[in-house]
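Participant: Take a look at this one; I'll ask things after.
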Amino acid sequence: MSDTVSYTELGLANTREMFKKAVGGGYAIPAYNFNNLEQLQAIITACAETSSPVIVQVSKGARDYANETMLRYMALGAVRMAREMGSNIPIALHLDHGDSFELCKSCVDSGFSSVMIDGSHLPYEENVKLTRQVVEYAHQHDVTVEGELGVLAGIEDEVQAETSTYTKPEEVEDFVSKTGVDSLAISIGTSHGAYKFKLKEGEEVPPLRFDILEEIERRIPGFPIVLHGASSVLQEYVQLINNYGGKMEGAVGVPEEQLRRAAASAVCKINIDSDGRLAVTAKVREYLSQHPEEFDPRKYLGVARKELIKLIKHKNETVLGSAGRA
Ligand code: 13P
């Protein structure tokens, strides 16, 4: 294999067809972040067993952590593993929150089938210019591109913001037509990480801004919308973590009911990272605490992987509606 490799050689798919079906079918494609073997095995196993299309995505931080060449071969292995399981689910390899043209180009050249260029923190015209530049390069290789308008609060690897700025619906038509993006990430009240909302005693999680989503949908009907920061921060995991020596007071996420509503609308890609991290950490803490003599990583990572499979099946089947859609 040469240094430059097309995603088609790896058996991957871009997101175009996936999104077309998802928008028409009223469900969302899951986009799960990964940076190690057990996470990728769990994602592929769960999605193959639920017959769900899937986007496996890596942030810049995950790419630095896992090594670019390693990731390329892991993606190749993931596709082969699914096929050996007798599953033909489409699998996209996506760059999450690319922050420069050079990074996006390098991902296109190394086998990614989809990239995000996140210029949401830039002034509008600069965001348009940068996104357009990435689209022009990526489309020459039939790689799909996600852009972003509006800023999410929270922390995800290097990407962080104190407060959120909702997407301005009046900008979306212009942005989509000038940049040529294939999908658009928007900000309607979700945020990255495990502490999405600061709630006072007795307070409920504020609803997402469905009014903004509806206005966007009205302006660009049928256009694929992406929701970042969409973990639900399942309290059973937070409790397990806290019960076994962790300290995660006040961790809270987006209720599943709201994600179901979003998935049934123009939202056709839902990003989930924190929920997987929580499931793994909860199970590793529990296992090590209950088996203090154990030192084989396969034991505690094995139980974590099993839990992750369960969690992902649950998401596909009961939240995103992607199960059975491959
Ligand atoms: P969560 O932190 O809610 O899982 O969001 C992940 C994400 O949006 C990755 O881009």
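Just so you know, glycine gets a Cβ as well, placed from its N, Cα and C.
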Participant: Looking at Zn(2+) 1 binding as recorded in TrEMBL, which candidate out of His121, His228 goes with His97, His192?
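Facilitator: Between His121, His228, TrEMBL records just one in the Zn(2+) 1 site with His97, His192, namely His228.
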Participant: Measure from the CA atom of Glu148 (Zn(2+) 2 binding site) to the CA atom of His228 (Zn(2+) 1 binding site) and give the result in Å, rounded to a whole number.
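Facilitator: Here the two Cα atoms lie 10 Å apart.
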Participant: Using DSSP and collapsing to three states, where does Asp118 (Zn(2+) 2 binding site) fall: helix, strand or coil?
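Facilitator: In three-state terms, Asp118 (Zn(2+) 2 binding site) counts as coil.
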Participant: Please list the recorded positions from Asp96, Asp118, Glu148, His192 whose Cβ falls under 6 Å of any atom in ligand 1.
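Facilitator: Listed by sequence, the hits are Asp96, His192.
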Participant: Going by Cα-Cα distance, which of the recorded positions (Asp96, His97, His192) sits nearest to Asp118 (Zn(2+) 2 binding site)?
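Facilitator: That would be His97, nearest by Cα distance.
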Participant: For His228 (Zn(2+) 1 binding site), which of the three DSSP-derived states applies: helix, strand, or coil?
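Facilitator: Assignment for His228 (Zn(2+) 1 binding site) reads coil.
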Participant: If you draw a 10 Å sphere on the Cβ of His228 (Zn(2+) 1 binding site), how many other Cβ atoms land inside?
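Facilitator: For His228 (Zn(2+) 1 binding site), the count of other Cβ atoms within 10 Å is 29.
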